[in-house]
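A short worksheet on the structure shown next.
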């Protein structure tokens, strides 16, 4: 009985210690994929946690683990997170589109921006056209109201609407009998000379 207890006790202690060590020293996703021991100073550990193995898989497939390690060591610590995010995005884009990669995504976004800018320009031009049309309609409406008010004052006397300049020549050019007698009775003028004019 004593032997069984002593055997069970050490075994349980070893099992518990191994489990705690395994959980404390769980390798990062990069070291787990590369099948190497993850050291405390591993450059991948802060950015590739064990629960996200796919995150490093595409990066390793596109760029290579050694290149990524060298790149992260050359970058200041405060900028490594942004660099890893960029590498992950570019690697995922390259896996989705092996030909163009992230350039294809950027080109697609640029085309969308150009299309939206063209739509915005058309909308602005339509707004300007409608504003000009509205101003023209308002101007014509005001002119019609002003012209209608002026015409109503002459509605009761149609003769007053004739221009005095057109009536004045008729009064001066009317051939009266007195005027004809004065022309005929002038000395030195015979009928031929008179009617030649």
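The backbone N, Cα and C atoms fix where each Cβ goes, glycine too.
The feature region 'Disordered' is assigned by TrEMBL to 1-20 (among others).
Here TrEMBL flags 10-20 as compositional bias 'Gly residues'.
If you look up TrEMBL, you'll see 26-127 marked as domain 'LOB'.
Taken together, the residues in the coiled coil (106-133) have a mean pLDDT of 94 on the 0 to 100 scale. Sequence annotations record features per position, and here TrEMBL assigns coiled coil to 106-133.
Here TrEMBL flags 146-169 (among others) as region 'Disordered'.
Summarising the annotation, TrEMBL assigns compositional bias 'Low complexity' to 154-163.
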Could you give me three numbers for the domain 'LOB' (26-127), the DSSP helix, strand and coil residue counts?
72 helix, 0 strand, 30 coil
